[in-house]
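Worksheet: the structure to be examined is printed underneath.
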Amino acid sequence: MANNYNGGSGSGRQQQGGPYDNVPPTQYLGRHDQQEQDPYGDAGYDDYGRPESFDVSYYASQEPADYSDQIYMSNTGGSGQDGGPSLLSPDGPMAQGPMMGELPPRRRRNGKNRDSDVESVSDFSVRSSIVRTPASHGSNDVDIFGAYRSNGSGPGAADDRYASYAPSTESLIHMIENKKSYRPTGSVTSFSRSASWVSNGQGGFMDFQNNDAFLNADVPYPAWSDPNQIPLSKEEVEDIFRDLTAKLGFQQDNMRNMYDAMMTMLDSRASRMSPTMALLMLHSDYIGGDHANYRRWYFSAQLDHDTPPVREQIDPKQQQELLEEEGDDPKKDTPAAFMEKWRAQMNAMSQYERARQIALWMLLWGEAGNLRYTPELLCFLFKVAEDYVKSPEAQQRVEPVPEGQYLCNVVCPLYNFLRDEGYEVVNGKYLKRERDHAKTIGYDDVNELFWTPESLRWIKFEDKSLLMDVAPHERWNRLADVSWKKSFRKTFKERRTMWHFMTNFSRVWIMHITVYWYYIIYVANFLYDPYFEWHDPTFSKANPQGAKVPLPNQDAKRYTLMACGGALAPFLAIMGTVAEMFFVPLNKSTQRQLWLRMLILVIILAADIAPTFWIWGKGDDPNFDLEGLDLQAPMQENDPRTQTDVDASVLSTWRVARAVAIVQFCYSVAFTIFLSLMPPALMFKQRKKNRNGRGLINRTFAGNFPPLKVAPRAISLCLWGAIFLCKYIESYFFLALSFKDPFRWLYRYFPDENSCVERFFNSQLCVNQHYITLGFMLLLDLVLFFLDTYLWYVVWNTVFSVGRSFYLGVSIWTPWRNVFGRLPKRIYAKILATADMEVKYKPKVLCSQIWNAVVISMYREHLLSVDHVQKLLYQQVTSEDDGKRTLKPPTFFVSQDDAAFEQEFYPSHSEAERRITFFAQSLSSVLPEPVPVENMPTFTVLTPHYSEKILMSLREIIRESDQYTRVTVLEYLKALHSDEWDNFVKDTKILAEENSSNFGQASAYGQAFAQDADKAEVKTKTDDLPFYTIGFKSAAPEFTLRTRIWASLRSQTLYRTISGFMNYAKAIKLLYRVENPEMVHLFGGNGSERLEQELERMARRKFKFVVAMQRYLKFNKDEREASDFLLRTYPDLQIAYLEEVPAVEEGELPRIYSCLIDGHSEVGADGRRKPYYRIQLPGNPILGDGKSDNQNHAIVFTRGEYLQLIDANQDNYLEECVKIRNMLGEFEEYNPPTVSPYSPAAEPQKPPVAIVGAREYIFSENVGILGDVAAGKEATFGTLTQRIMAEIGARLHYGHPDFVNFIFMTTRGGISKAQKGLHLNEDIYAGMNSFTRGGRIKHTEYFQCGKGRDLGFCSTLNFITKIGTGMGEQMLSREYYWLGCQLPLDRFLTFFYAHPGFHINNIMIMSSVQLFMICIMFIAAMSVTVDTCNKVDMNVPEYANSLEPTGCFLLQPIGDWINRTTLAILLVLLIAFLPLFLQMLTEQGFSRAISRLGKQFMSLSPLYEVEVTLVYFSSLMTNLSYGGARYIGTGRGFATSRLPFATLYSRFTDSSIYFGIRLMMLLTFFSAAYWRWPIIYFWVSIAAMIITPFLYNPHQFVLTDFIIDFRDWLRWLGAGNSSANPNSWIAHVRLTRIRITGYKRKRLGERTPTTGHISRAHTANIIFAEILLPLIMAIIMLVGYTYIHSTSNRKDIDEGKMDIPRSTLIRILILSLAPIIINMVITIAFFFVSIGFGPCCAMCLPQFGKVIAGVVHTITVIVYVAIFFLLWWLDDWIMNHAILGMICVVYVEIAIFAILQHLLLSREFGEDETNVAWWTGRWYGKGMGGWAFTLTMREWLCKVIECSIFAADVFTGLVTQFFLSVFTLIPWVDKWHSAMLFWLRPSRQIRPPIYSLKQRKQRRRTAIGYGILFIILFVLFLAVIIVPQVITIDAKPPDTIVGYLDGTKF
């Protein structure tokens, strides 16, 4: 059949040679990396990463590449084989393609050391079918430096991180090596297998003696080359691809790309198993195996019943009848029956069919574009395509299908639907639709259409006929006619609401709220027992003369009241079920399940609570007379009165009531346990054995969790058992029992109704104030009950993790601590593949080469000096005994465990010490056994890149970046890495001298180095100053480039990432050479060109590196030069990029291609490299937030079985890369099955390993406190937490530096998800997706990569904001719904507390702080209004009798409760430091743990943690209310710049400063009214919310800069009113307001705002967050304020001063509305001034608008000052009353403004036209048109609101600066502050900035002028506060004013 298109038979092709025999396959191209923090979305709205839109003319400025060289459209003038058109050409429907019978010839690569030509690379190619046997090595020596000897490749070599290093390295080698070598003996064996039919026929070894066969085996895929073993030849596989392409219309480049991908996969697998088994296993993983996603989908969709009669029936009963009619027994329609039938079908397949199915899947996947996120859609397309390919129509087809038909007819319609769901065309550009996730059909909704047979019948055509009613073989050609818009619907509604918490996490609430109820009711026995005090054994009256007084038994009331708490469990479950109805689609099946669940829960609830109504009336003990007791007495003093004549029936009824109460309580406990254990989705659900995918959750794809083994499950149960055991015990005593006394005295306090009065509430506030206070205290206690669990989770999770570290052997406290002494043996046993190796060489010889390579790599990175290297290397010395040459190991291995050695092997606390220590320590743990290099799997490193720095330019490292920077990057790096800079300078000086002498001879290098040491003694410092200052003396490019590289390797650059991960190639070559000495001999020994070519060939075969540079064609000059340097330095590096070809005709969309190049790509005449592959995409691939789409378009160019996902700010090291085979062994695929997976004898397969995680070292931890804190968090979460999470099956995917199973992930939706906004944290969704689909996720302790983190305060909090908003989106997702509603309890709790629980804990912390402030506000109000009792000894049971005065309120237990609550909240904060301390303790020792923790506390890191918690809370709550989650480009530069006060203020006002100021006002009121010393903690914490952004600002307290900041802040307040200014106060206010109003759609020509077009928030969310919550807070504050004044009202009435009580409610409302009304008058008055005089005055006064705005704003500030003084005056100059009143005014105004903004404000313009027009009076020329009048009214309302906000910002900013100014007066404060931030000693700190004389004068004048103004304002502020407190003011406000303000005149 392939002959129809290929022009010849397979045999003919073998004779002639296919195109793949002469050209380099993609396996020899380069490779690429991956990143997590790319600024996708905001860097440019004309780029691919734009968040809200993408421009259809995006690449209009880019000229299309010329591909007319017979590479891509090689037959542009013709057609297919018979003239058929191609759909990809502008001439046809799309461009014409090459001849449909041939693969277009691939461009030959002309790069050096390529295997394009047989002679150019090597004379042989390694083939796994050739056995490696012992060989004689003659007299060849082993070169322990061979891998690191310069081969003259120069700067472009990929062997080093520096462009020029060889001379100095050679000098080193010649100094420390001897020329004779050690002759090894013995032989080496390799990887073997026992089953001959599984492994290669000759055992899988490499025969280095069979030279002839070996040297002539140069083939692209060595393991797939033996014609005697392979089931299909490469030509036959190629014919399959050609045939499928011709039949289905795939692109030629897609075909070539996927062919190479498949052959690389087969070669990788066939290297460790037989080719037949390799093909079988590949087919099993892709299509037919037990864990293949296609098989699961086929089973779920019931396509084995895909016959017309069955398809037409949806009703299961009718389906069963039809199955019986067709001869199928419906009882056999079970999973077991299906699996048996399926396995038989798979087993009966021919190898050709298996290969064809794999090829078909890969071709469909390779060209699917964004559809790769929908795996079951691809399964459906595969099934439809397979049916068509096997049909007679396809078999008999002669004419090829036009190229691109699959893309045009299948992919593009689906892509267009997905694009149009998220974007709409406005003015020729695609803009993000203003539509939230609940109304957007995303990738997951599309994918779920194909899950079940019922949903497949939703696919319909325009005429509403169904695709599934079409015959299977006809569906492929009908796909183009499907109306996808009519077919898709929402399958889960991601509504933006916190009700997701109730649905997903209902079990958490049940376990806490119910138990808390049990505890409180149990300890609060005074609620139902009047003699509760008498039960105390120490109560004297209860035990007179030792005889216990009989007491009434109130057990009936106690148990029934406690049982009512059990009713909370079903009630909470009902609430979760009701909320669930708003999220899931309500069809017949789901409604039945939900209503059934709700009905049963209602019955459980009713049965729980109903007995209480009967028991409560019968529960009093009839043996005692309880009538007439004084329940208001402090305690019952008289003995209980017994009754003798008790009615028997009453007594029996009481006993029955008690028994029923006990049963009721047991019933409630039982169902509480049941509802806590049972996942909601499985509750009351009948489990059916037959296949039925209908229901709430399809468990095939959403609930197929990998099972835990017995030991991990036991650990999980023990962990949570320990957590809740400790939690319940501690919470009972610390939270419940300790709350008994405050509860008692608040509950049993009975105030006098006549003691207070209020006009509207009369005496109700007096009577109920203590109940209100008690309610808030109970709520706070419940919140602390929740927080307590997280505290114990942190403690026990840390304990278990530390215990596991001992088990794994990674702790330094283990008995086998001598990790260095055993290091050589462990290298031999664990790193080298020596299991089957015949010991022909001594282990020392093999280990020496690995160790020396590691040491020299550190020397090349300038981590070690020459002296250190000499002490660390193995060296060849002459034996003293026999005079022979022998290897001498370094003394380092024994010195580390012997205190007698005092040599320094590396600088103390250096990077070299850390790396060597971890390398030695890691090998003490258990590592999977490695396989030989030739048998290892092929893998790829994938890195996405957007706009991250590639390579530092010279300008960037030697010049300050801006006016606020006080140091250059190079100076800062020199201070941080002083030892490494010294090593670099010495190396550079050697290089300079060698260059000056034309490099001399190699034998002279050692002398040159020695001479340099002599010269250093006589040279002056002036001569060496250029070297030590900028790293070079000559400006030659090779020297400046070295300095750039040195700086780039210590910054967060892409060059650092690529150079680090290219160590994999070095490691593979090193291991290959070390483990195959015979091969070294065969190729001419070390240093021979043929050997280097063979090593390169093996490295290319096993390792790829792909960088997804989506912006490659949009790079600026510097970026282009840097990327070109990367390709020259690392020619094997592959770059995947996007190319856009402008549309030919107007109205058409441009065509976008995904292209691949590497350093060997041919360079065209235009200087651009010509890509190897150029695959057209259905459209712009960047539909999401950027990173995931960037990865997705490049993933088709990756090769091999595994991917490592890397960010563009990571690093790797050679000593870690040599463990790569061990890491890949974690996937547990080194040992293939011995029988076919389709054989009846095949054993069940374990769930596959989907992801293997690794540790991260944060290399930015040494740059100061913020870097260290970020590193500590990463260390605790990335290592300590994940260690135990992976063990108990709760680890997910967190992006970097995880390895993923390529086939598992790509057949299940890819390595991330990409719906815009929803999948902002894209990586974790891949983990959840893998977990719910049965993939195991592991974590390793022995492998680590470097990782950079954000270093500045703003950048770190930007990252936290991204994480917080991303978590808000996760809360809405279906994945959280699936996990929360299906996981068993222990795994659910692990998932919850490791992921959403952390963020909910932050919400709880901030809520507890705010609740605490409310509680103490009420307590302080009571303390100043009621009579409080004297202090008593509460340890005496009878203390209630000693209370004085009588009827007083005992405030003492309330004060003790405040102390305990403060301690609890403090512990919650401090417990965050425990994991880091224990992590450091176990891995680095006690001294370093204490040192690190001490430095963090000395640097005030607890204050930073307060801010972090607040930002987490703010970002999460903001996202849940308003949405708008987007990628935030955090920036990874060094935080050396001083940011202006205005910048920090505008960034943190909404998230922390406003919140802190409001809490500070409450705290001030409490401190003035009722001081308690523990409140100092809250003063510090709340102050941290306000000042932390400034505290961590470099050089914040330099006095001159501080005053200049004050000037700039004043300018910032007034900017933007004469002309638009994005850096102004008004711009900041507008950005805050758009959360409510949203933006108008873009007008033609309008500039896009920097924030993107933010959607208007949902009305319900606005009402709750912006209106309801402020109203509630206003009401709460009003209650407290009114209560305080109610007592004085009664006093004044009693004294006859008034007849009608005052109403403070009216007072607050009037004072709140007064400034708003005044602002309305002022703004409208000045509006007429501006419109009348503005246009003419602007000519002579350009700042007219600024002046007018300044006048109005100044008046507003004065008005608010007057309002405060008026309020203070009305409160008789009592400060705490006035503060509480102002708090009320603030909250009332917030609520009023929210209502006005939501009801009356329309959307904002993208540009600030209306604000400028308002103040300048120029309304013309703004493009407003007919909107001008309505916009005037709108802007008036805006100005009224803005005036009040301006006053608040002025007060807040001034108070903050007044407080900060105190620190500027401390001597040497800047040095101490810098030491705190950067951890640099004063002697090593950065120099002060250098200013010119003119600049110094200007700064001095500014500082003096504005300093005087600042002092004046500060003095006025202090005077306003202090004077009324010191001077008694007798003047009273006029009665008329007071009467109107208090409502007595109304």
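The backbone N, Cα and C atoms fix where each Cβ goes, and this holds for glycine too.
Positions annotated as region 'Disordered' by TrEMBL: 1-124. Positions annotated as domain '1,3-beta-glucan synthase component FKS1-like' by TrEMBL: 352-464. According to TrEMBL, the feature transmembrane segment maps to 508-528, 559-583, 659-684, 771-795, 1463-1482, 1503-1522, 1576-1592, 1662-1684, 1705-1728, 1777-1800, 1845-1869, 1903-1927 (among others).
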Report, as numbers and ranges, which residues of the same chain sit near the transmembrane segment (659-684): CB under 8 Å and 6 or more residues beyond its ends. 503, 506-507, 510-511, 514-515, 555-560, 562-567, 569-570, 572-573, 576-577, 580, 596-597, 600, 604, 607-608, 611-612, 614-615, 619, 696-697, 703, 1380-1385, 1388
What else in the chain is close to the transmembrane segment (771-795), if you only count residues 6 or more beyond its ends and a Cβ gap under 8 Å? 512-513, 516, 520, 723-724, 726-727, 730-731, 734-736, 739, 742-743, 746-747, 1393, 1397-1398, 1401, 1404-1405, 1407-1408, 1411-1412, 1414-1415, 1418-1419, 1422, 1457, 1461, 1464-1465, 1467-1468, 1471-1472, 1474-1475, 1679
Give residue numbers and ranges for long-range contacts of the transmembrane segment (1662-1684): same chain, 6 or more residues beyond its ends, CB-CB under 8 A. 756, 758, 761, 765-766, 769, 772, 1414, 1417-1418, 1421-1422, 1424-1425, 1517, 1521-1522, 1636, 1704-1705, 1708, 1777, 1780-1781, 1783-1784, 1787-1788, 1790-1791, 1794-1795, 1797-1798
Contact check, the transmembrane segment (1845-1869) vs the transmembrane segment (1503-1522), 3+ Cβ pairs under 8 Å, seq sep 6+: no
Chain residues in Cβ proximity to the transmembrane segment (1503-1522) (below 8 Å; excluding those fewer than six residues from its ends, i.e. six or more beyond): 496-498, 1265-1266, 1269, 1357, 1360-1365, 1367-1369, 1371, 1399, 1402-1403, 1405-1406, 1469, 1472, 1550-1552, 1555-1556, 1580-1581, 1584-1585, 1588-1589, 1591-1592, 1635, 1657, 1661-1662, 1664-1666
Please count the residues of the domain '1,3-beta-glucan synthase component FKS1-like' (352-464) that DSSP assigns to helix (H, G, I), strand (E, B) and coil. 70 helix, 10 strand, 33 coil
Within-chain partners of the transmembrane segment (1576-1592) [C-beta distance under 8 Å, separation at least 6 from its ends]: 1265-1266, 1353-1354, 1409, 1412-1413, 1462, 1465-1466, 1469, 1500, 1502-1504, 1506-1507, 1510, 1541, 1544-1545, 1547-1548, 1552-1553, 1555-1557, 1559-1560, 1563, 1567, 1856, 1859-1860, 1877
Average pLDDT across the domain '1,3-beta-glucan synthase component FKS1-like' (352-464)? 92
